[in-house]
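Peer 1: Structure provided below as structure tokens; questions to follow.
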Amino acid sequence: MLSPTNSTSKTAPVPPRDSSKPVLISEEPRNQLLQKVARTALAVLLVVVTLGLILLFYSFSDLQSFPWCCQTHPSTKEQPTISIPVPLPSPPLAVPRPSTPPAPTPAISRPSTPSAPKPSTPPPLLPKAPKPVKTQENLFPLVPEQVFVEMYEDMARRRIIEALVPAWDSDIIFKCLCYFHTLYPGLIPLETFPPATIFNFKQKIISILEDKKAVLRGEPIKGSLPICCSKENYRRHLQGTTLLPMFMWYHPTPKTLADTMQTMKQLAIKGSVGASHWLLVIVDIQARRLVYFDSLYNYVMPPEDMKKDLQSLAQQLDQVYPARNGQKFSVKIAAKEVIQKDSGFSCGAWCCQFLYWYLRDPFTDALNDLPVDSVERHENLASFVQACEAAVQDLPELSWPEA
């Protein structure tokens, strides 16, 4: 029996170490070296990334303004002094002094120039004249307070007048003419729908006088009949009439008859007066006279031009409707000034008021007796308007009175 110590089992032989190949770096120091290299590379990468982010948010000019960048002078602990350049001709700026006597303040100098010591007693300098500045007061003259007071009074006056006298349309004007016919049968109440205009009033006057001459001769009339009057009644009116009140509707914008009628329709649809205006031409057949009335005096054209235009019409009427005694038609411009002051809606009422004055006394100029004050003048007109509106309440709508 064999003992354990003398066992016959074989183990692998251990090869002997080669003494000719020495070990340079052991495993543990090598790992430490790799870690140091990795940390150094990571630190360099972080620095590069940080600088890149700084360059993204700051331009090169911003980096130059930093005290640690691009400085050629040696760094000192004193902060750089910022000096403001001042033009040489200007006097030195006066620096306010505190209550306690401080050290003398150095004068402001140009950059890169040593500041000169401030003299203890500077010579007196003449004050420089200030440069004139263009302000609102220089550009626009000051408006006296009285002007604002007058403007306020004018506005208040206009409101009072507009409340006194309303705007008259063609309907109320025609009713007023019908009422005047009951007072003065020689007046023919010509329709105002559609009214005459500055472009066709001459033709309408000539046509009416030709129809009157035909009626007196017993001939049929050639002109168009009124809308709201029978043929027999119209012939009776023409036979007995001695005065034609031709109301004209005027607007400064249209330049033709068609445009005028279109503008009239548009304003009627809107229910607005706009810039429209009523004019009156009285054809006094008995006195052989044309009387023109414009409450705004020269709203349509200068009175001299209108007078020449009416004189041309008068020559035509002398041929169309000659007088037995050979008397010619004369022309008169009634208004010598603006009658309709401080009011934009009373033109129709003023035309009716002037016609009423003319019917009462055609040879007396009632415009000379008008009050100077516009409010008092329109108060008198308001009394006439109220009387007319009360008188025409019982008249039928759009119907001629029987002649």
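Don't overthink the numbers, they just go from 1 along the chain as shown.
Just so it is clear, glycine is given a Cβ too, placed from its N, Cα and C backbone atoms.
What Swiss-Prot lists as active site is H277, D294, C347, and the listing cites sequence analysis. Among the features that Swiss-Prot reports, compositional bias 'Pro residues' is placed at 86-105, 114-130. Positions annotated as region 'Disordered' by Swiss-Prot: 1-24, 77-132. Feature annotation from Swiss-Prot assigns transmembrane segment to 40-60.
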Peer 1: Using C-alpha atoms only, work out the spacing between C347 (active site) and D294 (active site) and round it to an integer in Å.
Peer 2: 8
Peer 1: Rounded to a whole number, how many Å is the Cα of H277 (active site) away from the Cα of D294 (active site)?
Peer 2: 9
Peer 1: Around C347 (active site), how many other C-beta atoms are within 10 angstroms of its C-beta?
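Peer 2: If we count other Cβ atoms within 10 Å of C347 (active site), we arrive at 24.
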Peer 1: If one looks at the chain holding D294 (active site), which residues at least 6 apart in sequence have a CB under 8 angstroms from its CB?
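Peer 2: Expected: H277, L279, L280, V300, P303, M306, A335.
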Peer 1: State the three-class DSSP label for D294 (active site), counting H, G and I as helix, E and B as strand, and everything else as coil.
Peer 2: coil
